[in-house]
Amino acid sequence: MKKYSICIVGGGSRYTPDMLAMLCNQKERFPLRKIVLYDNESERQETVGNYAKILFKEYYPELEEVIWTTDEKEAFEDIDFALMQIRAGRLKMREKDEKISLKHGCLGQETCGAGGFAYGLRSVPAVIDLIKSIRTYSPKCWILNYSNPAAIVAEATKRVFPNDYRIINICDMPIAIMDIYAAVLGLKRRDLEPKYFGLNHFGWFTHILDKKTGENYLPKLREILKTPVDVQTEPLFQEKSWKSTFEFMSQMINDYDEYLPNTYLQYYLYPAKMRNKENPEYTRANEVMDGNEKETYERMHKIISLGKIHGTKYELTSDVGCHAEYIVDLATAIANNTNEIFLIITENKGTINNVSKDMMVEVPCRVGSNGVEPLVVGSIPAFYKGLMENQYAYEKLSVDACLEGSYQKALQALVLNRTVVNTDVAKELLKDLIEANKGYWNELH
């Protein structure tokens, strides 16, 4: 069986340790020869790299090569897979996005609203430059992109690399939601198969099927979830803001009686309520910096000081979180041509036959060694079509603004966003966001 070479782009990320653990767990199905960590933040990556040395010595001794580097040629040359998870500006810029949005009376969120717009205009140039570099050194490698905001990034990669079917854009949020459903049902997520349509962070489950029996659990789940439930899943989702998000799902299910919504729809359907719940002095970015990110690096530093994982409380388990599972499972499906079903962000091309053909939709797809094959969704009701067309117009204009350096397109994008709408507010937001993002955004004229 072939052994693959992979590069984790964003090697210093707090998500990387779980990804490395998942690669250990998956080594029989997805054997590796070489793992490269690439990041432009050498200090953070040094910590992850030293942790990786200990991890692989104990759990993956047959791995031939592990390196970490800030040099693109060294990182990207002759790789089979690039797993991308970059955050342009890191969490400090996310904090600015959220607090500037709240200052102007809009909700402050990472990927939605004005915060997501700002993040998108930082991410797109960085992702495009990295993909061009990867293609210089490994023209045929698979690029599996997790970088947020995934909807805007996917729209940009479609335009700049229109015929590159080996670029696949994904998001783990629907899978995280399915973990909740599985826990409610007393099942495992891998026992379930979703039918789903929408845009990234903007979609609906129409069926939750039992893979063995074909039973559709959606009606049962809707009834259960009309009342908030406290479900124990991975530690990240036990944080206060995530618990609040999952609890609010019951509000959406009671108000809209057809499907099961992606949790991010709370920001678009109840923007004032979401804004009023937020603390303008301490946002989700602060919570992450003080919580999960800090804890992740503290854990790695402790392992490095111990020099081992075996025989400590940090012993590797099979529970690594959906973020790591999803991208490694996707790479495994491509490598082994399994034709498994994944939720992928892909060009519509008639998959949903009554929305724009060029729309970047998030739908179930079969995935194998030839790439992604979307499964037909058909027509969707007017309410969902209207929401999606409006949101996609915002996403398109955001990418236009970035690639063309157009202030007018940026203003139009923000006014179309359901969390902003007001032109005067959008102008003030843009003024502050342009100032905050100097050095990250392409200049707007």
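Any Cβ shown, glycine's included, is placed from N, Cα and C.
For 4-71, the entry in Swiss-Prot reads NAD(+) binding site, with the evidence type similarity to another entry. The substrate binding site annotation in Swiss-Prot covers Arg94, Asn148, Arg284 and rests on similarity to another entry. Swiss-Prot lists Glu110 with the feature site 'Increases basicity of active site Tyr'. The annotation Mn(2+) binding site is assigned in Swiss-Prot to Cys171, His201. Annotation comment: Swiss-Prot describes Asp172 as active site, proton donor, evidence class similarity to another entry. For Tyr264, the entry in Swiss-Prot reads active site, proton acceptor.
Its Cβ placed at the centre, Asn40 (NAD(+) binding site) has 15 other Cβ atoms within 10 Å. Using the Cβ center of Arg94, Asn148, Arg284 for substrate, the list of other same-chain residues with Cβ within 8 Å runs, in sequence order, Arg87, Leu91, Asp97, Glu98, Gln109, Glu110, Thr111, Gly115, Tyr119, Ala285, Val288. Cys171 (Mn(2+) binding site) has Asn148 as its nearest neighbour among the recorded positions Gly49, Asn148, Tyr264, going by CA to CA distance. The most densely surrounded of the recorded positions Tyr4, Tyr264 is Tyr264 (count of other Cβ atoms within 10 A of its Cβ).
A strand conformation is recorded for Ile67 (NAD(+) binding site) in the three-state DSSP classification.
Looking only at the binding-site residues Pro31, Gly49, the densest Cβ neighbourhood within 10 Å occurs at Gly49. Sequence-distant contacts of Arg94 (substrate binding site), defined as residues of its own chain at least six apart whose C-beta falls under 8 angstroms from its C-beta, comprise Arg87, Glu110, Gly115, Tyr119, Arg284, Ala285, Val288.
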